[in-house]
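Asker: Straight out of TrEMBL:
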ACT_SITE  E117  active site, proton donor
ACT_SITE  D258  active site
ACT_SITE  E351  active site, proton donor
ACT_SITE  E372  active site
BINDING   T475  Ca(2+) binding site
COMPBIAS  526-546  compositional bias 'Polar residues'
REGION    518-557  region 'Disordered'
SIGNAL    1-22  signal peptide
Amino acid sequence: MLRSWYLLCCLWALHLPGAGEGAAAADREIDTAHYRERVKSMFYHAYNNYLENAFPYDELRPLTCDGQDTWGSFSLTLIDALDTLLILGNVSEFQRVVNVLQEGVDFDIDVNASVFETNIRVVGGLLSAHLLSKKAGVEVEAGWPCSGPLLRMAKEAARKLLPAFQTPTGMPYGTVNLLHGVNPGETPVTCTAGIGTFIVEFATLSHLTGDVVFEDVARKALKALWKNRSDIGLVGNHIDVVTAKWVAQDAGIGAGVDSYFEYLVKGAILLHDEELMSMFLEYNKAIGNYTKFDDWYLWVQMYKGTVSMPVFQSLEAYWPGLQSLIGDISNAMRTFLNYYTVWKQFGGLPEFYNIPQGYTVEKREGYPLRPELLESAMYLYRATRDPTLLELGRDAVESIEKISKVECGFATIKDLRDHRLDNRMESFFLAETVKYLYLLFDPDNFIHNDGSAFDVVPMPYGECILGAGGYVFNTEAHPIDPAALHCCRKQKEEQWEVEDLMREFYFLKRSKKSTFKRTADHSGRESQTASADASSESSRGGTNPEKNTKRRLPLLSCPNQPFTSKLSVLGQVFLDDT
C-alpha cells in the first residue's frame, strides 16, 4: 500500500501546469539570472499591490483589491516583507519602511492575537530587520546591535505574549489579548508547535537586551513537551497546557508539530546548545522508527506507533531542509524527490495528500503558496548543487505565475484540481516563498556568505564581528545573525557586573551608616531598621508570579475521532477555518 516506487514512476511523467515546454525543458540548464529577475518581479507585483490596496491592514485580498486584518493589526505584511526587501537589494525601501513601522505600529491594542504567529512573524521580523539595519544603511544608535528602535519594538511585542506562558506547566496558551492578557474563557488546548516555537526569537531577545525572562519561558515550554513525550519517544498534536494531558494523540512531522522539531535544531545551532540537539536526535530516532515508510512520513498513534493517517501534508516539506542542517543529505534528497512528484502532479503541494491513493484529501485540496518545499530546495542546493533543485524553482515560478497571479497580487489556490482561487495572500508569501525562491537562484547573496566578508562594529569593550554568514532562519524565514548574540552578551554581562558592584556598594554604605548610628545612641533600633530595609529591598528585586488557577473548560477531543475529523483538527491552527 505504501510503496512509493510505483508513485514515483507514475508521477514523474506528469507535467507541471504552466511549464508547457515538454520533457526537453527539464534537460536544459536553468538560467538562474532569468529566474532571479522573474522572482523579483513577482515580489514587487505582490508588494506594490499590498501598499496600494491593503496597507495598513495585515494582508492583501488580491481578488477584491483591498485588505484585511488577520493575525492581529500590525500591518503584518510590511513587517514580514522587510528583510526580503534587503535580500532583493532594495535599501531605500527598507529604510522607508523602518520609519513607517516606528511611527505606525502599536501593540497596546485590544486584539486577540495568536501567540505563535505573532512571535514568528512580528517578533521574528522585527529582530531580523534590527540586525540587518546597518547593512541596509540605516543610521543606527550607539550600542547597536544591543539597542535600537526595532529591537525595542520586538521586545514590546514579545512582552505582550508573556502572560500566555503563566500556566502550571509553563506551556503557553494559543491566544492572548494584547491589552488584557489571556481571556478568562481561553481554551487550554494548544498545538505542539504553538508551544515549542519560541527559542530562536526569545533567546535572541534575551541575549540582545539582557532580559532573561524570554529565553527562560521558551526553554521551560520546550522542556515541558520533552517531559511529556510518550514512552516510545513521540509527541502528539495538541496538549492541555494546564493539565499536560495529550488531547490529540496523532504523532507526525507536519501541521501542529512541525516547527517544534525545527526549533530544537535551529535553537541548538544558534545557541551552541547540546541539550537541544540531543532532544532532536532522540526524536529523530523515534520518527524514523515509527512514522517513516519508504521515505514518506505518516501520522501514527503517539503511544502505540500504529498508523492513524497515511497522509503527506504540504507543511511537512520543511523536513528535507531540516535533515540537511544535520548533515543527513541522502535521506533528505530521497524524501524531497517524493514531495517533488506531488508538486509535478498538481503544480503545487495540496495541504493534504493521501499517499496510498496518490491524490488529494477532501477539503484539503488547496495551496496557499506555502514555502516549505522551496525552503528545502534552497538548503539542499547549497549542500549538493543538484540541478534538480533548480528545476523545482523554475517549476514554482512558472506555476505560481500561471495559476495564482491576478491583477492585484497573487491569490491562494483554493483547489489545485481546477485552480479555483481564494481571496487571500498570506504575508508569508513575501516573507518566505519569494525569499527562498530568490535565494535558490542567487548563490552570491550576502545571506549565503561563507565568512570571507564581514562587518566590524566597535563596541565599548572592543570590536564585534557581524554579517559573516551562518544566518539562522526562523520558521517565517527571518534571518538571525548568531554573532550578534555573542556581541551583546559580553556587554550585558559587564553591565550586570557594574550593577552588582553598585548594589554591593549601596548596601555596604547603608550598613556602615547604621553601625555608626548604633554607636551613637547605643540602641539596636537602627540595626533592626537597616535589616528590614535590606529585606524589603531584596524582596523588591524579585517578582512574584501570579498564582495560576485550574480551569474547568470543555476540551477539544480528538483521539477517538474518525479519519476525516482528525484532518479537521490537524488543520485548525495552520490551514483554514473549516
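Any Cβ shown, glycine's included, is placed from N, Cα and C.
Fair warning: this is a prediction, and the values are worked out from it, not measured in the lab.
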Asker: Out of D258, E351, E372, T475, the recorded positions in the record, which is closest to E117 (active site, proton donor) when you go by Cα distance?
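Answerer: That would be T475, the closest of D258, E351, E372, T475 to E117 (active site, proton donor).
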Asker: For the C-alpha pair, I'd like the distance in angstrom between the residue listed as 'Ca(2+) binding site' and D258 (active site), rounded off.
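Answerer: That comes out at 10 Å between the alpha carbons.
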Asker: Sorted by position, what residues of the same chain at least six away from E372 (active site) have a C-beta under 8 A from it?
Answerer: S314, L315, E316, A317, Y318, G321, L349
Asker: Measuring Cα to Cα, how far is D258 (active site) from E351 (active site, proton donor) in Å?
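Answerer: One finds 14 Å between the Cα atoms of these residues.
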Asker: Mind giving me a neighbour count for E117 (active site, proton donor)? Other Cβ atoms within 10 Å of its Cβ, every protein chain shown.
Answerer: 22
